[in-house]
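Q: Would you mind keeping the following structure in view while I ask a few things?
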Amino acid sequence: MTLLLAGDIGGTKTILQLVETSDSQGLHTIYQESYHSADFPDLVPIVQQFLIKANTPIPEKACFAIAGPIVKNTAKLTNLAWFLDTERLQQELGIPHIYLINDFAAVGYGISGLQKQDLHPLQVGKPQPETPIGIIGAGTGLGQGFLIKQGNNYQVFPSEGGHADFAPRNEIEFQLLKYLLDKHDIQRISVERVVSGMGIVAIYQFLRDRKFAAESPDIAQIVRTWEQEAGQEEKSVDPGAAIGTAALEKRDRLSEQTLQLFIEAYGAEAGNLALKLLPYGGLYIAGGIAPKILPLIQNSGFLLNFTQKGRMRPLLEEIPVYIILNPQVGLIGAALCAARL
């Protein structure tokens with residue numbers, strides 16, 4: 001029996017989990033807590049407080065999924081003034097083995113720990129063992145990556161595919177591209193500027209400014225407040241969530257049009273990734289947005305745009321596509337990584 005510590009470390013929230021592992025029973029969660037990251041100057045006091053409350057021995061191994069790049073076993077969180085160093089963490093926490101992993105890579109590792117109820121199949125396809133697995137996930141940004149089978153395990157390879165160019169396919173998407181280029185006074189638009197939480201807001205602003213439909217007063221006020229708070233780290237409103245809810249409830253035509261365009265672009269980019277990887281092991285849709293707008297994804301052309309790749313369409317129709325419903329998939333991945341240390 002080995003005691004492990006897994007963590008999902010974000011700019012807003014830090015979730016820690018103690019896990020026991022054994023050869024016969026796999027992983028078993030024994031304690032979990034969530035903390036507001038900004039309340040602490042560093043990860044160390046959070047872990048120390050967590051272990052005192054858990055009242056267990058010091059874990060033998062730990063893996064922390066970090067919202068930011070990992071460089072030479074160090075990490076600077078994207079939205080938090082923390083600098084994490086593996087060697088320092090090991091010394092100050094007394095944990096012999098600590099590993100830092102990118103949060104989207106942790107999602108990749110977590111896929112193997114998901115249960116049937118954690119997934120919603122969008123397309124059954126024709127799964128093929130030993131073939132790549134693809135991951136794409138719109139949230140704050142747009143994560144992309146893939147998994148390759150190595151022995152009895154999978155190796156995860158994150159990428160920066162979300163920063164590839166946005167490729168418009170029809171007149172309205174060309175108009176959107178021109179709008180974003182002019183608005184930001186830049187030479188190129190990454191697909192992340194369209195397929196992400198901020199992308200939802202950008203699409204709404206485009207449709208609003210081009211008079212595609214009238215604004216409803218409540219959504220208009222939320223978006224205006226967000227625009228006025230530009231540059232502030234802490235926002236008082238979440239317009240992406242408000243637009244998504246209004247579209248789901250069919251109470252705001254502009255929000256419905258926004259989500260329609262967003263989902264079409266999301267499906268098209270997922271199809272682009274699938275063409276590059278041919279992930280017959282499955283393409284997994286991660287991130288916080290997809291589960292919240294699942295009815296819209298099912299009915300608003302995601303799969304149509306995913307497979308709409310000319311003569312390559314038959315290939316894409318055979319790729320299994322799943323939406324990950326479990327919001328703790330990254331934490332599961334961190335625990336599985338710790339077990340492999």
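Just so you know, glycine gets a Cβ as well, placed from its N, Cα and C.
Residues or ranges marked as ATP binding site by Swiss-Prot: G7, D8, I9, G10, G11, T12.
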Q: Using the centroid of the Cβ atoms of G7, D8, I9, G10, G11, T12 as reference, list every other same-chain residue with Cβ within 8 Å of it (recorded ATP site), in sequence order.
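A: Not counting the recorded site residues, we get K13, T14, I15, S37, A65, I66, A67, L77, L80, D103.
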Q: If you run the three-state DSSP split on G11 (ATP binding site), which class comes out?
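A: Coil, per DSSP.
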Q: Neighbour count, 10 Å Cβ-Cβ cut-off, for G7 (ATP binding site): what number do you get?
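A: Taking every protein chain into account, the count is 28.
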Q: Give the sequence-ordered list of residues that share a chain with D8 (ATP binding site), lie 6 or more positions from it, and have CB atoms under 8 Å from its CB.
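A: Within the chain, D8 (ATP binding site) has Cβ neighbours under 8 Å at T14, I15, F64, A65, D103, A106, Q328, G330, L331, A334.
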Q: Identify, among the binding-site residues G10, G11, the residue whose Cβ has the fewest other Cβ atoms within 10 Å in this structure.
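A: Comparing Cβ neighbours within 10 Å for the binding-site residues G10, G11, G11 has the fewest.
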